[in-house]
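**Q** Below are the structure tokens for one structure; questions will follow.
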Amino acid sequence: MSLDVRTITPSESAEWMRAVSTGFLTAGTPSEELVADRFAGADLSRTQGAFEAGRCVATFRSFAQELTVVGGATVAADAISGVTVTPTHRRRGLLSRMMATDLAAAKERGEPVASLIAAEYPIYGRYGFGPAAWTSVWEVSVYRAGLDARRSGQPADGGRIEMVDGADVRKLGPEVHGALAARQPGVVTRDERWWRQRTGAAPSSAHEKWTEPFYVVHRAADGTVDGLMTYGTDDTWGDAKQPLNTASVRDMIALNPAAERALWHYLCSIDWITTIRSGYRAPDDLLPLLLPDPRAARMITNADWLWLRMLDVPRALEARTYGTEASLVLEVRDDAGLAGGRFLLDASTGGARCVSTTRSADLVLGVAELATLYLGDESVRRLVDLGRAEESRAGAATTADAVFRTGRRPWCPDVF
């Protein structure tokens, strides 16, 4: 039976969502409310499906996104999501066909990069994607943290913690997140639907059961909101009637270390909470060092997270700033023919110029490896040692590391 791979029509949105749910191991039919919310304002020209006898057996969509790069500028990204293939139709090239169509369209639109969160590591490298930012989850033993159990939940520097509700977060959150996005490489845009969904004002995905969380904000001494946290708790008691409750952070953004410290210390101060799970944080997050005993924080997850794919090398490299002034000739290899070439990068702390060149290459690397370097998280020397990049000029890897690396690691707090 033939397979029809194409963009979907409005009447097929519910069937497409059913296939997505199947791919994410959630049985059943999505509600009409969820389908309507998911497709409100959606660009169906960027929503693909594979159909067999009217049944959707593979899904793929993309949407417009802004990605913060090193230096605080943003680039337009082709954000890819909802990628599934029904188990009965694996290994038929369906993802490859949909990916090729989408990336070609993104390049035609002029988007310098594509982005995604990879559910599985081995899938996306063959399409030119590389892991550009990692994520970590920390588990904190409150009893071992070394904080004074008699303290209040309020900071001592004139700031204060306030409990708020979802409506407050929808009003205050976008400004705080926007300020974070202006400085943190790896942050991606959050639209209105994101805030509505994470505060219960819009239906959650079929595989995400909604429970109302707690919301708090941190106000600086002048009253400015410079941090917010969303968290849930369980209800667990030991045999001796001792509380063994865990607070699990769903979202936490802070614009300075004082706000970050105040929010974590507040969470540690709540009666009955004995364990904290941090949610997705940067691997070099300050959390352990904000506790008197950093060993109370144990990293329980450290994994690749945000994957990028270069579509326009000069535009992407010119968008970010660099650690030092240097010139490098990069030969970028791309089997898909979308972004390969030889490029001269004149980098500086204030920006860069990147153009095609015929000069001899200093470094030879794949398009996926360049994506891995783009936000400053990976070492060129490591890639050379692994055989994933070639140093054509002695010392080029050391120079490239000085150019690309950053003092703090990139971080993408979101799933999309």
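Each residue, glycine too, has its Cβ placed from N, Cα and C.
In case it helps, Swiss-Prot gives these features for our protein:
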- TYR124: active site, proton donor (ACT_SITE)
- PHE416: active site, proton acceptor (ACT_SITE)
- VAL83, THR84, VAL85, ARG91, ARG92, GLY93, LEU94, LEU95, SER96: acetyl-CoA binding site (BINDING)
- 3-150: domain 'N-acetyltransferase' (DOMAIN)
**Q** Rounded to a whole number, how many Å is the Cα of the residue listed as 'active site, proton acceptor' away from the Cα of SER96 (acetyl-CoA binding site)?
**A** 20
**Q** Over all pairs within VAL83, THR84, VAL85, ARG91, ARG92, GLY93, LEU94, LEU95, SER96, the annotated acetyl-CoA binders, what is the largest Cα to Cα distance, rounded to whole Å?
**A** 15
**Q** Ten-angstrom check, please: count other Cβ atoms within 10 Å of the Cβ of the residue listed as 'active site, proton acceptor', all chains counted.
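**A** So the Cβ neighbour count for the residue listed as 'active site, proton acceptor' comes to 17.
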**Q** Rounded to the nearest Å, what's the C-alpha distance separating VAL83 (acetyl-CoA binding site) and TYR124 (active site, proton donor)? Just drop the number here, would you?
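**A** So the alpha carbons of VAL83 (acetyl-CoA binding site) and TYR124 (active site, proton donor) sit roughly 11 Å from each other.
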**Q** Taking 10 A as the limit, how many CB atoms besides its own sit near the CB of VAL83 (acetyl-CoA binding site)?
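**A** Around the Cβ of VAL83 (acetyl-CoA binding site), 23 other Cβ atoms lie within 10 Å.
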**Q** Please classify the secondary structure at LEU94 (acetyl-CoA binding site) using three-state DSSP.
**A** helix
**Q** State the count of C-beta atoms found within 10 angstroms of the C-beta of ARG92 (acetyl-CoA binding site), not counting that atom itself.
**A** 15
**Q** Taking the Cα atoms as reference points, how far is SER96 (acetyl-CoA binding site) from the residue listed as 'active site, proton donor' in Å?
**A** 10
